[in-house]
Amino acid sequence: MTTNQQNAVVSQPQTVVVKLGTSVLTGGTLALNRAHMVELARQCAELKKQGHSVVMVSSGAIAAGREHLGYPALPNEMASKQLLAAVGQSRLIQTWESLFGIYGIKIGQMLLTRADLDDRERFLNARDTINALVANDIIPIVNENDAVATNEIKVGDNDNLSALVGILCGADKLLLLTDQKGLFTADPRKDPNAELIKEVKTIDDTLRKIAGGSGTTLGTGGMATKLQAADIARRAGIEVIIAAGSAPNVIFDSLSSEPQGTRFLPCEEALENRKRWILAGPAASGDIIIDDGAVNAVVGKGSSLLAKGVIKVSGDFARGEVARVTNSHGKLVARGISAYSSEDLAKIAGKHSKDIISILGHDYGSEVIHRDDLVVIQE
């Protein structure tokens, strides 16, 4: 590492979440690339030596399981993936333990599912565990618990999981390492004129269209999921970097003034803790479709959502559960905790607040979603 690199790195201690995808850990093969993994461990160790904290979100359990079992021919279904994850997770963590041991660093394993993030108390318990590991100079290595997770309780990919982990531990930076150099103006594998986007201040529909499709055969995340993760994290005040995992010193350079890859600047006004949980934790149980006037009030003015602005309700959710708020064209504009069940809300949609008690026979307040329980997604 050069003197210029060392001088460029911020001196104030920071917490960095490093997400390693399957393609990074395998180098595009079907097996874990231990030579590359030890280099990644070395870079994390270098960060810790400089006084920073590191939290790792590591894919690779399924790849490790497939390698250990001799690449069996299994049907491409959840039961097969759970089998491979059950076999491979222990192999993966053993590999990380031995590699970090070279640098005298202890690790701790955390396996999470969506259910751990949906429930506020379990969310806080997970946060406390990660913070305790970090405080005791241990690197948490997090993965989704694929061996038991079903579609209903899966986060779905480790890109989004890493954003949620970043919120859990109050990270300063989230580094999403992939097999690409960053986000390009077009798919660089198909378009030779594609250019790397160095910095992003706002994530809009144009960027989402550029991000496009899915990931590799062994992995579950493509550039689109990385953009989703970046959007979640930056709203919580976390700077996000998408970069190539194979690039020299890419982890250490994430703290420099000119990091490799694509840098996503955090939102100027970071969400408070409760709203971070609403954004990161609960899976939405249904949709509340609102009219243009309500969109303007919620997004433009930061107002609470009233029944008058609700067009209709989709899905089934109870009072106190999180729902998606969309405009009349189905575009997501917010997430929030509904004061009314979907059944009740369907009855009072489009009605004045003063009429709620006469319609339902009870009243939980004039707001369908109070602004303190509402997180605006649209920018």
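Keep in mind that glycine also has a Cβ here, set from the backbone N, Cα and C atoms.
Pulled from Swiss-Prot:
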- Lys19, Thr178, Asp179, Thr220, Gly221, Gly222, Met223, Ala224, Thr225, Lys226: ATP binding site (BINDING)
- Ser59, Asp146, Asn158: substrate binding site (BINDING)
- 285-363: domain 'PUA' (DOMAIN)
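Of all residue pairs in Ser59, Asp146, Asn158, the annotated binders of substrate, the farthest apart have Cα atoms separated by 11 Å. Taking H, G and I as helix, E and B as strand and the rest as coil, DSSP gives the domain 'PUA' (285-363) the counts 27 helix, 24 strand, 28 coil. For the pair Asp146 (substrate binding site) and Lys19 (ATP binding site), the C-alpha distance works out to 16 angstrom. Within 10 Å of the C-beta atom of Asn158 (substrate binding site) sit 27 other C-beta atoms, taking all shown protein chains into account. Taking every protein chain shown into account, Asp146, Asp179 are the binding-site residues, and of these the Cβ with the most other Cβ atoms within 10 Å belongs to Asp146.
Summary for the binding-site residues Ser59, Thr225: the Cβ-based neighbour count within 10 Å is maximal at Ser59. The binding-site residues examined here are Lys19, Met223; by Cβ neighbour count within 10 Å, the least packed of them is Met223.
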